[in-house]
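S.K.: Submitted below is the structure of interest, expressed as structure tokens.
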Amino acid sequence: MFGVPLVMIVVEEFEDLLSPNFDTLESLREARKEGCDPYLILLANGLQTSRLLRFGDRYRILDTRAKYIMLYDYRLFHSDLHYIWKRIVNVIFLRYHNKITGILKSKAWFDLSTVPFPNPIKKVFVSRRVDIWRNGRFHYNRTLFADKTSDLNGEVLDVVYLDHVPSVVVTMSNDSNKVGGVEIEILNTLSEKMNFVPKLYEPINADIYKWGRKLPNGSFSGLLGEMVNGNADLALGNLQYNPYHLELTDLSIPYTSQCWTFITPEALTDNSWKTLILPFTLYMWIAVLLVLLITGMIFYGLARYYINLQEFKKQNRLENDKKQVYDDTDAKPVGLYLFGQIINSILYTYGMLLVVSLPKLPTGWSIRLLTGWYWLYCILLVVSYRASMTAILANPAPRVTIDTLKELIDSKVTCGGWGTETKKFFEQSSDEIQKIGQRFEEINDPFEAANKVAKGIYAYYDNEDFLKYISVKRKNVMVNVDKESFNDTMNITEVAPSSDSERNLHIMSDCVVNIPISIGFHKNSPLKPLADKYLRRIVEVGLVEKWLNDAMYTIKSLEQNENEIKALMNLKKLYGAFIALAIGYILSFICIIGELIHWHCIVKRDPNYDKYAMDIYYMKKNKKQ
């Protein structure tokens, strides 16, 4: 025979098992640690047994899913203990009967009964007979510990839910709520396999209490309150697989893992007024300006050289042939007037840079060669500029976002989320995110939090899918998008109107933590082992991923449409062109004012000025120069 662990506990008749002594407690812990499957409780005092069961259930000292054999006592079936028999269902009550009076050959016999699971216990507990032990054998030969969870015989199970995308999605349909989502699909599959009928309901004031919190009197509100009080058999609502929830309820194996992060405001980076200078970097612009100035000066130098050379040749011809008369003594060589003055040289060089052709090709092979090569430079530069400009105008404007925890910590924006436990998570962290906990605020309404994020003063913490939902929903509500699919999927709530000063919402790409998500059962639920088995199969065949995509389809499609709209051309992107035009108007206005001042204050006061002989005045002026 194989040896099996055996733990035996002898209990004094006066010992209070609701607060057992050290030896009894250590023995119970050792039995749980060794995985003892059957518990044989031979306590004649039913009060002691009931207090032991209550203690073992409260602190999980006893394995409620193990097999129990105990003596029958009516005190075990008091209404205060009915919740125990919803958790300990693999139990056999032994009831001893003396021999039948009046029959000499009759012998004592035992009645073996159990709890009526899955049938609900009404006001009075009525046990169900399993078998009878008489004359050294069983009368019916039934299985004593049959699996009671594989077929729940169509019993109605109370299921509390909380609207939280994508686990549970509540939609409006003909003035009634229609509940869907990933966990609802899982529930429907479990109900079909385990043969039960789910009865869905929301906790009282679910929009305020949500998952619930511990009240000053020790009770719990919200969804967790329904589970702790034993009002519900299952709980749906994106329950995180963490020690806090495991202490209050039983959780199934995680069916998915979610990225929990922050939704943060984007910086207001409207740089459309810099559109004309964005194609090149600062150093590139400096190089372009230096080349423009240097090339303009070279053109001017070469033009002056050819002008002086032509003047020298003309003087030589006049000295050699004094009889030759020139009527255009002031005429300059063809085309050299373009670069004869430094200002004109810079302007025409700048014009070539803008791909504006010269009015006349200058003489002089050195200037012509320089002009040709400078044109090649201008073509390459202009093509590069146009290509970069096209990319800037065609693509969405660059966004300054918060994508890492370090950036969030350095930003100094206020962080917030739901629940005290979330705040404790950040405060008790051992790394630098503890600084987030110091400025973390609790907030109940996610859409109120989204409005604060849009103002640039807040960052809201939740799972990535839910953050996408509130971001897309808020934008579509505020721009009054009339999409039937959106209205069928999301409930419309009160959202503050949008303003031009509000910032776009951005989901941080860096996950704070990846949290497993589970379905909740009431504490020590007998349904959990078989539900875990089915849930594991559901995950393995990929149904959870498919249901998740279905729940997020409308949200993702609206998000993609919004991104496509951002890439279109709009008037805002052309601010730079209007600013450049405005600068040109201002400079032209200043120049014309300067010319008027020069005309009235200098030209008209010149002694040689004669308004009836302007050509003579300017001829003398040019000779002086």
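Using N, Cα and C of the backbone, Cβ positions are placed for all residues, glycine too.
Features from TrEMBL:
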DOMAIN    169-229  domain 'Ionotropic glutamate receptor L-glutamate and glycine-binding'
TRANSMEM  282-307  transmembrane segment
TRANSMEM  334-353  transmembrane segment
TRANSMEM  373-394  transmembrane segment
TRANSMEM  574-599  transmembrane segment
S.K.: Over the span of the domain 'Ionotropic glutamate receptor L-glutamate and glycine-binding' (169-229), count residues by DSSP class, listing helix, strand and coil in order.
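M.R.: In the domain 'Ionotropic glutamate receptor L-glutamate and glycine-binding' (169-229), the DSSP-based counts are 24 helix, 18 strand, 19 coil.
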S.K.: Which sequence-distant residues neighbour the transmembrane segment (373-394)? Criterion: at least 6 residues beyond either end, Cβ under 8 Å.
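M.R.: Same-chain residues near the transmembrane segment (373-394) but 6 or more away: 275, 278-280, 288, 291, 295, 349, 352-355, 567, 569, 573-574.
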S.K.: At a C-beta cut-off of under 8 Å, are there same-chain residues at least 6 beyond the transmembrane segment (574-599) that contact it? List them, or none.
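M.R.: Contacts of the transmembrane segment (574-599) (Cβ under 8 Å, skipping residues fewer than 6 from its ends): 272-278, 393.
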S.K.: Could you tell me the mean pLDDT the prediction assigns to the domain 'Ionotropic glutamate receptor L-glutamate and glycine-binding' (169-229)?
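M.R.: A mean pLDDT of 90 is what the model gives the domain 'Ionotropic glutamate receptor L-glutamate and glycine-binding' (169-229).
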